[in-house]
Amino acid sequence: MSDCASDTDEGLLNDFFQEPEGYFKPPPEPTSVVFERQPQWVTDGSPANITINLLGSHPLWGHHLWNAAKTFANYLDENKSIVKGKSVLELGAAGALPSLVSACNGATKLVITDYPDHDLIDNIRKNVQVNMASKLEDGSVEVAGFKWGYDIEKIAAMNQKNYDNGSNSSSGSEQVTGFDVLILCDLVFNHSEHTALLKSIDQLMAKPKPGNGNGSSTGGEAYVFFTHHRPWLADKDMDFIERARDELGLEVSKVVEQYTGAMFEDDPGDERVRGTVHGYRLTYPASKS
């Protein structure tokens with residue numbers, strides 16, 4: 001018998017190891033969602049709807065428009081003073097809805113970040129381009145990759161340009177790098193990343209300053225909105241809030257608790273728990289003048 005396989009034998013082998021047609025499912029197609037803002041909170045000249053483009057799939061969950069992001073977007077619309085005239089940084093932005101609503105409500109400088117993955121960052125930039133292209137062009141909105149806890153100086157420098165251009169109330173003589181507002185929507189379920197997120201807050205949120213004879217200045221604030229997607233791990237989600245208070249010395253206040261329905265109907269655990277968004281405001285204690 002010959003040691004060399006015939007052409008016929010090779011053809012049979014190729015057929016044997018070839019997956020049948022349709023064996024591999026095509027990757028999900030990108031989608032888009034139109035977020036309809038509440039009419040009573042939309043000001044003249046501001047868009048009533050915001051289009052959010054989403055990736056078809058992504059291992060870092062950037063292909064969902066999370067309920068926490070939608071809830072915080074509504075909260076921002078109702079409380080415009082949170083971002084009006086302020087510098088804003090969003091961490092783990094995914095579709096970047098809260099950032100876009102911040103821009104609608106008068107944020108002076110907006111830096112939108114997510115993990116430095118080409119697809120994620122390009123999609124965020126696309127969402128800004130679709131909804132408010134002029135803000136990319138004039139530099140009031142920037143998009144950047146950011147791995148939590150690293151490259152702090154790079155992100156801080158984007159805000160420093162805002163002060164150097166006179167867009168905020170810096171005295172000019174002191175270096176200002178902290179952002180007035182930080183946004184974290186549906187990030188705390190990443191329990192292994194709590195330390196890196198807390199480091200990012202500590203180093204990128206504006207510190208309190210003595211008031212100029214007018215009482216006190218509380219510095220920046222962070223808004224942390226999330227859902228207990230795995231109810232049996234709710235205590236681990238809440239570790240983030242407790243560590244922000246105990247390790248960073250932040251003051252914590254709950255500002256929202258709202259049932260929206262669960263993101264994923266078939267997931268295990270109490271649906272009411274999985275369908276409730278919790279929102280917290282983190283601030284530094286006031287520095288007395």
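Each Cβ is built from the backbone N, Cα and C atoms, and glycine gets one as well.
Per TrEMBL, the features are:
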| type | residues | note |
| --- | --- | --- |
| BINDING | TRP66, GLY92, ALA93, ALA94, ASP114, TRP148 | S-adenosyl-L-methionine binding site |
Whole-number Å value of the largest CA-CA distance among TRP66, GLY92, ALA93, ALA94, ASP114, TRP148, listed as S-adenosyl-L-methionine-binding: 20
Cβ contacts of ALA93 (S-adenosyl-L-methionine binding site) (under 8 Å, same chain, 6 or more positions away): SER99, ILE112, THR113, ASP114, ILE124, ILE183
